[in-house]
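Note sheet for the following structure.
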Amino acid sequence: MSDSPGCYSCALQFDPTCSPTPSTTAPPFPGSHSAPALLSISRMLQRPVRVAIENGVTHLDGAQMYENEDSLGAGIKASGKPRSELYVTTKLKSLAEGQTIKDTLVISLKKLGLEYVDLFLIHDPTSAKGELKAWWKQMEEVKSQGLTKSIGISNFRVEDMKEVIEVATILPAIEFHPYVFKAAEPIYKYALEHKILIASYGGLTPIVRAPGGPVDPVVNGIAERLKISPSQVYTKWLLQKGILVVTTTSKPARITETLKTPDVTDLTSEDIAAIEEAGAKLHKRIFMRHVFGEA
């Protein structure tokens, strides 16, 4: 399964009880992808988005940074799927001088061809330039105005979460795989402590972006024993850590494989420990490295 930027997404695990307050709902099928929405590419991506929806994907993830909102909107329209049966996410990139968060969301909604999104996230805490609390107040305003059903954050560090935790209902989205687990563990523990559901992306990085690393033989051995794919091992590891899984693909067969992963045999505690021990031998962050001082 490709974990690189693609044209649609599928994801796993929905626990309606994990939302800390009623003001935010967790998506039933969250996912993530990024694809440029230039006119010609937008037309090309209409079909993959439609095919994804036809194959059971109900969460479509966009972002102002990805420039894929036009593509998603076209694909949604082409699918003919009722709006009530889809969960659409987009993310705030930044604000131009004099621009409000509402201004940017209205533009996004126009591109998507929607009256509202289900989840609107602050994509990058550094974009706020010290104004996170003020941004969060604006996020709450667009929610109260019905432009988004839920609000949340993405790529936040513990210190960023602490800035808004007293007023925020948060669904953090962070890069999460064995090669960043050790570094992300403080965020993971903080989220558990505050009953925050973490959504992960980049979970297949050891396969698609860092092959040949120390975790490969461990995962391959588990996959062979359980008669599942290595991709399913990584996804199962995330699920058993209580993580909401976000992944991307443009192949219907991969979508089906991913959606079946919750039903495969659970990893043993020894399997999980072995994956994390091997992952700790290599640090490999791919996305948002500037946020964590790694750029």
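Glycine too: its Cβ is placed from the backbone N, Cα and C atoms.
Note: TrEMBL annotation is automatic and uncurated.
Not measured: the values here are computed from a predicted model.
Neighbour count (other Cβ atoms within 10 Å of the Cβ, all protein chains): 21 for Y66 (active site, proton donor). Taken from TrEMBL, the feature active site, proton donor covers Y66.
According to TrEMBL, the feature substrate binding site maps to H123. In the three-state DSSP assignment, the secondary structure recorded for H123 (substrate binding site) is coil. H123 (substrate binding site): 21 other CB atoms within 10 A of its CB, across all protein chains.
Marked as domain 'NADP-dependent oxidoreductase' by TrEMBL: 48-202 (among others).
Across the domain 'NADP-dependent oxidoreductase' (219-278), the prediction's mean pLDDT works out to 93. Here TrEMBL flags 219-278 (among others) as domain 'NADP-dependent oxidoreductase'.
The local packing around K91 (site 'Lowers pKa of active site Tyr'), expressed as other Cβ atoms within 10 Å of its Cβ over all shown chains, amounts to 25. Per TrEMBL, site 'Lowers pKa of active site Tyr' is recorded for K91.
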Counting each residue once, how many in the domain 'NADP-dependent oxidoreductase' (219-278) are helix, strand and coil under DSSP?
41 helix, 5 strand, 14 coil
Fill in the CA-CA distance, K91 (site 'Lowers pKa of active site Tyr') to Y66 (active site, proton donor), as an integer in Å.
9
Cα-Cα distance linking Y66 (active site, proton donor) and H123 (substrate binding site), given in Å to the nearest integer:
11
